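Taken from TrEMBL as is:
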ACT_SITE  Y114  active site
ACT_SITE  D144  active site, proton donor/acceptor
ACT_SITE  H232  active site, proton acceptor
BINDING   N13, E42, D144, N146, D231, H232  Mg(2+) binding site
DOMAIN    10-232  domain 'Endonuclease/exonuclease/phosphatase'
SITE      N146  site 'Transition state stabilizer'
SITE      D207  site 'Important for catalytic activity'
SITE      H232  site 'Interaction with DNA substrate'
Amino acid sequence: MDRQTDFKIASWNVKGLNNGIKRKKILTYLKLSRVDIAFIQETHIGKSEALKLKCSWVGKVFSSPGTGKSRGVSVLIHKAVSFTETKVITDKEGRFILVYGQLLDTPIILCNIYAPNADIAAFFHNLSQYLLELEGAQIVVGGDFNQILDQDLDRSLPRRGTESKSVVAIRQMTSDLGLNDIWRTMHPESREYSFYSPPHNVYTRIDYFLISVALVKNSIDSSIGNIVISDHAPIFLCLGNILQIPQSRRWRLNMSLIKDSGFIKLIRDEIQFYKQTNNREDTTLATWWDAMKGEYHVGNWRLLSGQLFPLQQKESQKLKLDVELPIRTGLLK
């Protein structure tokens with residue numbers, strides 16, 4: 001790879017870096033793997049100790065601290081990489097960090113997560129809101145999601161059943177943000193795993209890179225390493241020709257719409273119309289709501305004709321996007 005324009009990103013749940021020998025092994029492994037940017041989960045180190053992650057090849061360290069026994073995530077940037085941060089967002093639980101900046105001249109959001117191992121959909125909903133509030137940048141979300149997206153392909157012992165609420169939230173996040181599970185895109189029928197659970201004697205793929213659709217064509221390779229040192233395997237993503245990545249045109253909510261009484265009335269009328277024409281019998285509220293949103297996404301709104309609301313033509317073209325978020329986030333009652 002050309003280190004001037006090509007970058008190799010790794011994500012790895014290391015299960016603790018308190019031990020100096022293990023920490024050196026992890027950092028050496030990443031160096032020998034020629035990693036430019038590393039997402040590390042379960043560092044188990046506090047803020048003051050995060051500087052221990054700086055070594056011969058690491059130029060910048062961004063951390064959301066954990067405790068001595070749990071959580072903690074860090075983003076490591078190689079000293080040869082031209083990256084300038086403009087905003088860093090962390091959470092108090094040490095479960096995610098968002099680093100917004102310029103990779104060469106490309107605006108990018110590096111989001112490293114260590115999701116709860118319980119079915120807590122709110123974690124992904126909250127993360128999605130943070131990402132939606134940032135604009136004008138491509139997104140790379142990587143980390144330990146603690147969720148199996150495909151119970152058939154991503155599990156050594158396939159299991160049928162209802163998807164967890166967290167998986168539904170992940171799918172909603174990928175839809176809202178235009179993200180792609182790049183490993184699965186490159187390996188549509190493959191069975192490879194990033195984690196082994198001895199109690200259940202099962203291998204699973206629960207570590208992912210979800211990237212902006214615009215980055216897919218710049219993706220040279222996506223792979224899963226071996227389970228060494230930690231109980232998780234590192235996963236890798238190689239991006240090429242970073243300077244040719246187009247600027248993000250991701251939509252952002254026009255907040256003035258939710259203050260317009262005519263717009264609010266129109267949305268309420270549309271929801272009422274949908275209620276009257278779509279019986280909810282034997283249908284859960286969540287399924288009914290997803291179906292209604294599907295109507296929005298396919299543009300099946302009478303208001304899109306531009307005749308029911310005094311918007312300029314440019315605004316009406318993106319109205320199908322503007323209507324959804326204020327309802328879903330509770331801004332419209």
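The backbone N, Cα and C atoms fix where each Cβ goes, glycine too.
Predicted, not measured: the structure shown is a model, and the values here were computed from it.
Of all the binding-site residues given, namely N13, N146, the one with the smallest number of surrounding CB atoms inside 10 A is N146. When the alpha carbons of N13 (Mg(2+) binding site) and H232 (active site, proton acceptor) are compared, the span between them is 6 angstrom. Apart from the site residues N13, E42, D144, N146, D231, H232, the chain places the Cβ of V14, K15, Q41, Y114, F195, I206, D207, S230 no farther than 8 Å from the centroid of the site's Cβ atoms, the recorded Mg(2+) location. Over all protein chains present, the Cβ of E42 (Mg(2+) binding site) has 24 other Cβ atoms lying within 10 Å.
If you take the CA of E42 (Mg(2+) binding site) and look 10 A around it, the recorded positions you hit from D144, D207, H232 are D144. Comparing the residue listed as 'active site, proton acceptor' with D207 (site 'Important for catalytic activity'), their Cα atoms are 8 Å apart once rounded. For D207 (site 'Important for catalytic activity'), the recorded positions whose C-alpha atoms fall inside a 10 Å radius of its own C-alpha are D144, N146, out of D144, N146, D231. Contacts of D231 (Mg(2+) binding site) defined by a Cβ separation under 8 A and a same-chain sequence distance of 6+ are given as N13, K15, F195, Y196, in order along the sequence. Taking a C-beta cut-off of under 8 angstroms and a sequence separation of 6 or more, the residue listed as 'active site' has the following same-chain neighbours: N13, Q41, E42, R71, G72, V73, G94, R95, F96, G143, D144, N146. For the domain 'Endonuclease/exonuclease/phosphatase' (10-232), the model's average pLDDT works out to 95.
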